[in-house]
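**Q** After the structure tokens below, expect a handful of questions from me.
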């Protein structure tokens, strides 16, 4: 059944034209046409606000062809069309005029507005990226913006490196002396031209992408990066080690104390966490939501592990356009069975009866907020006519993947979890009536404990967060996945341990409602990450405008919510193992 669904999903994708059909071996003869595509333009500081290349009033050549894009490329906002330049293999050109155009007043205003916002363009030549700014602002030490001069570049100079019959590298430079003055609202004559120079290089074709990897990790940057990460990790691990030593010593004293109590008089009153042994395994309130949260968190954790595996083997090399988005969609769809199984199995262990409703809740718990956020942001992108607005066909494809792959696997996993008939393993019997929880100081309530639980894991990753944000919401390239994986492992370890420690302190205070508390404490790191989003937006970036702001905070809210579910699951699972262990180690009447 699973294979059938996968084949059906592949047929849907291929039928919609999202499977790449170009299988070029990148070998050319002199004079051969090398594919050059114009991708998009947009404000440099607003990475989500991009538009089609010919949305600006450039010369539109005859017979412009749109390139068929893979699903991940469409999700990435790529909209490739044939570019107006002809860069045939080893065919040099000097100031070749490809278009003469009289710009109207409206077109001058359009270009001036784009230059004012630092618009850049992106193209792909033989799958190699090219960037450049479309113009410049001459402020000339003038404080009044009305006196600024605005210029449009009209001459682009390409320099291409080749090795025998293959393209190795390309760079584009705008001629600073060939400009069109856009400062006044009047018609302007523009003559657009380009030059092409070819140079031979010894760099092999297999290493042509290393240039982009090297630019993201220069030796001195990489050294500082490693030092910062090691420093942060050592500090966090030392704190964790001290806390672990204290906790183990306290537990050892507890075990010795309770062993002596068992040998002493039977009428001696129990205190501490042993006192609530009849309530500690009492099932939590809202057990369906709790099980659904564990199911969704387990699925997201599995998704993250698979993404790291693909990253470490080199699938997400620089400018493998859309590979990450494709992997996220496909792996999330295929791991939905894990969410269904985990949720239904745990829900049945908690003696739940409405397992079908529990499955519906599991399916909607993460995808529901994500879908609502997408609907709002896609409407914003449509209003702006930005490339971030998904075409109707792409939305249909994603809906079909959800209908034909995600939902059936979720149901199959739920049925398997329901039929597993596993029983909840509790080393102590639960009493009929719960004990009253004694009054506790304010710092032992949920919110202060969540703050304490989230701070330490966040401190282990906050250095790496800047590099990730600069890559996702900027123009830097992230390639050091080994460091990121190490940081992720430390994040999991610290989250698990801090949740265990806080769970112990809660039980020692005779508060037996630890189920939801351990989940909330584990997931609280997601709230700290979202707080970092506010800091990054206002202090470390130049993003502006309603569309970019809504995209940044909207999608980061979904990502942080996913972290909340995933780390909450890690925290609860660690706390559950710990609680079972300590209550197995003592004799409970």
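Any Cβ shown, glycine's included, is placed from N, Cα and C.
What TrEMBL shows for this protein is this:
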- 1-21: signal peptide (SIGNAL)
- 224-247: transmembrane segment (TRANSMEM)
- 300-319: transmembrane segment (TRANSMEM)
- 325-347: transmembrane segment (TRANSMEM)
- 359-382: transmembrane segment (TRANSMEM)
- 388-412: transmembrane segment (TRANSMEM)
- 450-469: transmembrane segment (TRANSMEM)
- 481-507: transmembrane segment (TRANSMEM)
- 519-539: transmembrane segment (TRANSMEM)
- 551-579: transmembrane segment (TRANSMEM)
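How buried are these features, and what lies next to them?
**A** Among residues of the same chain six or more beyond the transmembrane segment (224-247), those with a C-beta under 8 A of the stretch's C-beta atoms are 217, 456, 459-460, 462-464, 467, 480, 483, 486-487, 490, 493-494, 497-498, 500-501, 504.
Counting only same-chain residues 6+ beyond the ends of the transmembrane segment (300-319), those with a CB under 8 A from a CB of the stretch are 127-129, 209, 212-213, 216, 327-328, 331-332, 335, 338, 366, 477, 479, 481-482, 484-485, 488, 562, 565-566, 569-570.
Nonlocal intrachain contacts for the transmembrane segment (481-507), taken as residues 6+ away from its ends with a CB within less than 8 angstroms of a stretch CB, comprise 225-226, 229, 233, 236-237, 240, 243-244, 247, 250-251, 272-273, 276, 280, 304, 308, 311-312, 316, 444, 449, 452-453, 456-457, 460-461, 464, 468, 514, 517-518, 521-522, 525, 567, 570-575, 578-579, 582.
Note on the transmembrane segment (519-539): residues 290, 293-294, 297, 446, 449-455, 457-458, 461-462, 465-466, 469, 473, 491, 495-496, 498-499, 502-503, 549, 552-553, 556-557, 559-572, 574-575 of its chain, located 6 or more positions outside it, place their CB under 8 angstroms from a CB of the stretch.
Tertiary neighbourhood of the transmembrane segment (551-579): same-chain residues 48-49, 280-281, 293-294, 296-298, 300-301, 304, 365-366, 369-370, 373, 376-377, 380-381, 388, 453, 457, 473, 491-492, 495-497, 499-500, 503-504, 507, 514-515, 518-527, 529-530, 533, 537, 543, selected by CB-CB distance under 8 Å and a gap of 6+ residues from either end.
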**Q** By Cβ distance under 8 Å, which residues at least 6 away from the ends of the transmembrane segment (325-347) in the same chain are close to it?
**A** 2, 6, 9, 70-73, 75-76, 287-288, 290-292, 294-296, 298-299, 302-303, 306-307, 310, 315-316, 355, 358-359, 362-363, 398, 401-402, 405-407, 409-418, 420, 422
